[in-house]
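Taken from TrEMBL as is:
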- 29-51: transmembrane segment (TRANSMEM)
- 214-233: transmembrane segment (TRANSMEM)
- 239-263: transmembrane segment (TRANSMEM)
- 289-308: transmembrane segment (TRANSMEM)
- 314-335: transmembrane segment (TRANSMEM)
- 342-365: transmembrane segment (TRANSMEM)
- 385-416: transmembrane segment (TRANSMEM)
- 538-559: transmembrane segment (TRANSMEM)
- 565-587: transmembrane segment (TRANSMEM)
Amino acid sequence: MGCCNSASSAAQSSKREWKPLEDRCCTDIPWLLLFILFCIGMGFICGFSVATGAAARLVSGYDSYGNICGQKNAKLEAIPNSGMDHTHRKYVFFLDPCNLDLINRKIKSVALCVAACPRQELKTLSDVQKFAEINGSALCSYDLKPSEYTTSSKASVLCPKLPVPASAPIPFFHRCAPVNISCYAKFAEALITFVSDNSVLHRLISGVMTSKEIILGLCLLSLVLSMILMVIIRYISRILVWILTILLILGSLGGTGVLWWLYAKQRKSPKETVIPEQLQVAEDNLRALLIYAISATVFTVILFLIMLVMRKRVALTIALFHVAGKVFIHLPLLVFQPFWTFLALVLFWVYWIMTLLFLGTTGSAVQNDQGFVEFKVSGPLQYMWWYHVVGLIWISEFILACQQMTVAGAVVTYYFTRDKRNLPFTPILASVNRLIRYHLGTVAKGSFIITLVKIPRMILMYIHSQLKGKENACARCVLKSCICCLWCLEKCLNYLNQNAYTATAINSTNFCTSAKDAFVILVENALRVAAINTVGDFMLFLGKVLIVCSTGLAGIMLLNYQQDYTVWVLPLIIVCLFAFLVAHCFLSIYEMVVDVLFLCFAIDTKYNDGSPGREFYMDKVLMEFVENSRKAMKEAGKGGVADARELKPMTT
């Protein structure tokens, strides 16, 4: 089919009824052209950074005098030690690699090109001299010969800080990186400025390293639990709600009880038998257990109160979950959508980070105050990184919006196909085909609107972080209020965008028309949105909580009986965060399907009444669910005339 005029389509939208899956039109073409031009600009930035020599400096590395390692270099005017032949010196070595300057985002150390990285710790200058003689790799400044390492008075300044940590070259980037964990702890100390006691941070880092096998196993457990939960949703959706409810009650009670039991057990354990070196560790773990136990108790009480309030509506979600389960039976590839989206995001982020690194080494050589070389871009090109940051947000949102449009198109195809045997062989691929042929402009426009809201919020958050402790109470309150308002606006626009993509998938209208139509439908069905969408999302949230609680409980039991740990607060937090992210990736697709089904149903009931020629598209179970919802709301005094007016008898 050819592309139709989006403007005329929008003008006629109010004069005709919706025709699902008919009259495909190219929507928001100007926005597609704008997005393509923007991507060309992103490509220009990447090409410019590579063409100006940044690629060689990034991959091969360069020393503090502007020489690129592993090649011959041209002499730089007025800069000593430049223009050296480093053909046989392929690695960058820092005299003090653990000294970071976070403000300027660089290592505060002299960088040299060396022939080999020291694979073993060098404790004295004699060891450094012997390493240079054996391996032909001089680790001191070019002005100092290896024979002078132990005799020269300048050796303490021109040679690396002792002891020289064992290091290994970073693959593909030719930098000597320390392999000692203590150096990484110093990196973390520089990054985490709120830690006042460095010994605490050392114990946290060592706790992660000694428990890395358990952390990996628990992360795999969260992935398995998420997949099992998806299987349960797909095949036994009728009893899923009650299973989740019972398991969550037992899990919250059991987890809270175990935490208090462990706290009481460790509190009663005799401290006289603990050696002094481990006494502080035991006290930290006891304090952490008390915090966990109190937090779990508060969480359990709040959860019980919420379930008490919503107990009459929990049963109403069963039918909706059943219909969504049918969608996954007919469209099994929906489960893998988060993987493709995540893969696309990772590939783009890798490209973006590589280009950012190229930009960081692009420009002309400039001598700083210490007499070393830095590469800086002058003129208008120095603002390219702003364009690059906007590209990160817009293109990331574009990829996420493509996933939403793909899922919406596939579910719309399922819903508005009366005979499910006539579904396309792969509705997901058919949806992707329609997205590429007709609706990329709509996705570009919707993602750009989110970008317009996200950028000011990020700027305000940056200003707030920079002014922390300096601004007065009024300014701090105004900043936080603006950030909160922009966050709320972003969430509302995200929800409206998702429904706009569904409307576009149904009727092939442009973004603004689809957003208006979706907004009208949602307002007309406000009670249904509250009764169906909210309860359904809440049950999916319970599923996420169940996975996090199960993984966290397993982590507590394993880490409690791990003998070579120090402080396991950080490992447990890492595991729980990963479990929540995995559960969110899986269940967010289910949540998206529920939202699309609801909008399809609302449109179905608005334009069809079950009479000949206007038969319903919906599944019978979905209509029964809405009937039960109407009865429940009427009993609670919330149904009113609106629901009675909207519902029509369903003929079979």
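Positions of Cβ are set from backbone N, Cα and C atoms, glycine also.
Looking at 239-263, 385-416, 538-559, the range that has the most CB pairs within less than 8 A of the transmembrane segment (29-51) turns out to be 385-416. In this chain, the transmembrane segment (239-263) touches the transmembrane segment (289-308); three or more CB pairs sit within less than 8 A of each other, excluding pairs fewer than 6 residues apart. Scored on C-beta pairs under 8 angstroms, the neighbour of the transmembrane segment (538-559) with the top count among 214-233, 239-263, 342-365, 385-416 is 239-263.
Sequence-distant contacts of the transmembrane segment (342-365) (same chain, six or more residues past either end, CB-CB distance under 8 Å): 42, 45-46, 48-50, 52-55, 57-58, 62, 66, 76, 79, 105, 373-378, 384-385, 388, 391-392, 395-396, 399-400, 585.
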